[in-house]
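Colleague: Pasting a structure here, questions to come.
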Amino acid sequence: MRAAWVLLPALAALSAYYVYLPLPGAVSDPWKLMLLDATFRAAQQMGHLIHYLRFSHHLIVLNYLISTFDLYQLESVSSEDIKVTDAVFDGVEVRVFEPPARGDESLKRGVVYIHGGGWALASARTSLYINLCRIMADSLNAVVVSIEYRLIPKACFPEQYHDALRATKHFLQPDVLAEYSVDPSRIAISGDSAGGNLAAAVCQQLSKEEDLTVRPKLQALIYPVLQAFDFNTPSYQQNRNMPVLPRHVMINYWLYYFNGNHDLAHALLINNHTALDVGQALSFRGRLNWTSLLPPSFKKDYKPVVQTTGTAEIIQKMPALLDVRAVPLLADNETLQLQPKTYVLTCENDVLRDDGAMYAKRLENAGVDVTLDHFHNCFHGCMIFTLWPTDFSAAFQTRSSYIKWLDENL
Ligand SMILES: *[C@@H]1O[C@H](CO)[C@@H](O)[C@H](O)[C@H]1NC(C)=O
Ligand SMILES: *[C@@H]1O[C@H](CO)[C@@H](O)[C@H](O)[C@H]1NC(C)=O
Ligand SMILES: *[C@@H]1O[C@H](CO)[C@@H](O)[C@H](O)[C@H]1NC(C)=O
């Protein structure tokens with residue numbers, strides 16, 4: 001009994017220590033975010049332990065936990081309003097959300113949606129994404145195709161990209177669009193985080209293919225990850241410890257995506273891979289010069305981190321670091337000019353804020369019509385967290401702004 005009086009406060013203090021994180025004052029629902037982050041960290045640590053014991057890959061464990069603790073299991077719930085079917089588009093699994101026919105208006109809009117999760121986590125079957133796709137299908141009267149691309153560790157770059165491209169190209173065929181009653185002139189490609197990366201890369205590739213008869217009207221990128229050249233942009237510096245995506249975790253996802261050696265993580269973190277003496281990187285430097293691409297409110301007092309001497313072998317071992325199919329921000333001006341009207345959503349409390357903001361600026365410089373929708377009080381990944389107990393006001397705020405833009409522009 002006595003022991004309990006000592007143990008309980010000690011446990012409480014320990015849990016508080018585990019959960020508590022200093023967060024910037026402007027983040028909405030800070031306590032909820034700390035709890036979400038602590039849960040996510042605990043799941044990651046359990047994954048690492050199981051990985052260490054060599055039972056399974058930690059990302060497989062994490063994904064297993066995500067699907068097992070998916071409280072809603074929306075997968076098995078059919079809705080009266082939206083028809084949900086699974087299909088295979090050119091060998092790639094997809095989940096299709098179709099709104100019912102409405103009166104005489106026969107053709108619908110179309111949205112290709114690519115979910116996020118570091119090319120490793122979540123699924124088109126995760127309730128949070130099913131919920132998002134349903135709401136989009138319903139509020140936009142759109143057929144939403146959610147791509148179930150293969151994930152790390154089963155697949156790495158360029159497999160995820162190829163899956164996303166193949167499924168999208170299959171959908172864009174006139175006879176397939178006709179089958180789903182989709183208007184070929186009203187199609188958007190969209191995705192969040194790593195899905196935003198794939199969406200941007202797919203859009204670039206489609207714009208370069210001359211024999212396509214149907215092209216997307218829009219792209220909408222939600223806090224996309226777009227470059228692995230500079231891990232010291234102002235947002236990477238400012239948010240390096242921010243939940244749910246601290247800088248070292250993002251670097252690890254890149255290393256997994258490229259099937260790279262994790263011993264290189266620190267070299268990447270200090271930009272050794274793109275030092276001034278690394279010849280292959282030089283010509284790309286001007287394409288993501290944040291001192292000219294970002295507004296002063298983003299740059300604040302942060303200084304560029306540019307090494308004079310670095311490690312040239314990193315890019316030799318991982319040439320994908322400079323491959324535009326993985327890092328769409330490094331595309332040339334000619335490709336950028338061909339991009340459709342673009343929406344980019346960014347969050348202030350996100351290492352990837354500047355990836356999105358720099359892409360928006362480069363597209364704008366290339367003459368593309370761009371909307372940069374920036375949220376001061378939001379964090380990376382927030383838009384999908386609309387279901388209790390992980391329901392954040394940031395989610396509703398960003399989601400309604402995103403859907404509103406699509407509604408007005410698609
Ligand atoms: C980046 O932009 C700044 C400001 O426009 C300029 O002074 C600098 O030379 C540029 N650096 C590179 C590598 O292009
Ligand atoms: C970065 O590169 C320099 C020069 O090659 C090297 O001395 C240093 O050890 C590297 N740092 C890391 C963390 O790899
Ligand atoms: C690409 O566009 C930017 C902005 O308009 C311009 O500063 C740069 O010189 C262009 N690069 C090339 C290679 O044309």
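Cβ from N, Cα, C; glycine included.
Unlike curated records, TrEMBL annotations are generated automatically.
Checked TrEMBL, it gives:
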- S193: active site (ACT_SITE)
- D350: active site (ACT_SITE)
- H380: active site (ACT_SITE)
- 111-269: domain 'Alpha/beta hydrolase fold-3' (DOMAIN)
- 321-383: domain 'Alpha/beta hydrolase fold-3' (DOMAIN)
Colleague: Work out, from DSSP, the number of helix, strand and coil residues along the domain 'Alpha/beta hydrolase fold-3' (321-383).
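Modeller: Helix, strand and coil residues of the domain 'Alpha/beta hydrolase fold-3' (321-383) number 25 helix, 19 strand, 19 coil.
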Colleague: Using Cα coordinates, what distance in whole Å links H380 (active site) and D350 (active site)?
Modeller: 5
Colleague: What whole-number Å value do you get for the CA-CA distance of S193 (active site) and D350 (active site)?
Modeller: 11
Colleague: Per DSSP, to which secondary structure element type does S193 (active site) belong, with helix, strand and coil as the options?
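Modeller: In three-state terms, S193 (active site) counts as coil.
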